[in-house]
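First comes the structure, then the notes that go with it.
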Amino acid sequence: MTDRADADRPATSPTGLRLYDTMTGAVRDFVPLRDGHVSIYLCGATVQGLPHIGHVRSGVAFDVLRRWLTAKGLDVAFIRNVTDIDDKILNKAADAGRPWWEWAATYERAFSAAYDALGVLPPSAEPRATGHITQMVELIERLIDRGHAYTGDGDVYFNVATLPDYGKLSGHRIDDVHQGEGVATGKRDQRDFTLWKGAKPGEPSWPTPWGRGRPGWHTECVAMCEAYLGAEFDIHAGGMDLVFPHHENEIAQAEAAGDGFARFWLHNGWVTMGGEKMSKSLGNVLSIPAVLQRVRAAELRYYLGSAHYRSMLEFSETALQDAVKAYAGVEDFLHRVRTRVGTVVPGDWTPKFAAALDDDLSVPIALAEVHAARAVGNRALDSGDHETAMTQARSIRAMMGILGCDPLDERWESRDETSAALAAIDVLVRWALDSRAEARNRKDWATADQIRDRLKEAGIEVTDTADGPQWSLLDGDSKDV
């Protein structure tokens, strides 16, 4: 998916890969910092609730990038963080009457289950924000020492005016910056952003030279990038909603601290419904367990990965079912070849498939190659040309493997992936219902109703029976607790 005429020329990078860099606004040759090695940092989840399909799109999109780089023989270090301390986590845990750390750990497991259900490879490391407080404090101290940060009323702020080129990633003019943090009495300038929040009653806090408190959102990723990938690395990735303020503020801190930081910035588009970003606040989310009641995990993965990663993916039931049919066509062909010809081992992808992925991960074009091979293979199989059919089947396995949804891969064939995902969700629902039962026992009806309503938003219906609560996915299977 090229954006400029010169992007159509053959790749000249040693990897053969060209990627769209948000910083430059162009498709550029990807040349790793270290020959044969690629370092990637993906902004992961803020673990405040059950994951919906909008949350996991970045995981699927950049899993394809990782698989393609690995297939090219590169050693990939892939880091995906977990934000386990945040205002929303603290507020939701308090509303439910649960410890904040337990709340975060529970939904971290929910995200892990969702990624696993969709065949996303586990990261090389998955650091939690709370495990890197020391590194954050050290980073903030460096920023204060260099004159880029200051303390105020127990908080610590980054002084945006000290960086003349602030806003270069997002295109924001420094005079027009609005951080969306609200009014803070300790700020010298409302354009500044928070690095550290002073301690508040009832909230977790850690000791620092400027008093107890907890980290701001933008600091954790810079500290963890440094800890796992060094002062300079190849690719920083995330959803396009993170360009500003999160990634802009990461760049500000890293450069102010003297780091080279990321050499490429990659951002995936949203999953939308009715033209709006999928968001709990808008009430237009589709939880992973709810969708997996209607389609298999491999089919959902195919659907989420079928659009170009930078494009918006407008969800519709028709589009989802079209993806199911397309995936079934590939699956049926491979099964036919295996039944009539023999074992199908992955072969070689086609040159057009490779060219598509080398052109900024143009998955729609790559999938067109898959279906072209399927059409050739089906005709060959029907005419008795088993050799051609097998060649096409082996090529399809190679291509679908890069896309993470090879129908003959053992992860899809050796288990009922939907049942596995539902089993993971069952653990989480039981935890929520235990919290609801505790609230009911202390006659806290508002909290009990809130937990039930949140489950319903995630596509989970709770029914109170004489034998205890029973939960079910809306229009799906039910389970006793």
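Counting begins at 1 with the first residue displayed.
Quick reminder: no glycine exception, Cβ is built from N, Cα and C everywhere.
As recorded in Swiss-Prot:
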type: BINDING; residues: Cys43, Cys221, His246, Glu250; note: Zn(2+) binding site
type: BINDING; residues: Lys280; note: ATP binding site
type: MOTIF; residues: 45-55; note: motif ''HIGH' region'
type: MOTIF; residues: 277-281; note: motif ''KMSKS' region'
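Overlay of Swiss-Prot annotations on the structure.
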residue : record              : Cβ within 10 Å
Cys43   : Zn(2+) binding site : 21
Cys221  : Zn(2+) binding site : 29
His246  : Zn(2+) binding site : 17
Glu250  : Zn(2+) binding site : 26
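Secondary structure at His246 (Zn(2+) binding site), taken from DSSP and collapsed to helix, strand or coil, is helix. The Zn(2+) site is defined by Cys43, Cys221, His246, Glu250, and by the 8 Å test on Cβ atoms against their centroid, the other residues of the chain that qualify are Trp217, His218, Glu220, Val222, His236, Gly238, Leu242, His247, Asn249. Mean per-residue pLDDT, taken over the motif ''KMSKS' region' (277-281), amounts to 75.
Cys43 (Zn(2+) binding site) falls outside any helix or strand according to DSSP and counts as coil.
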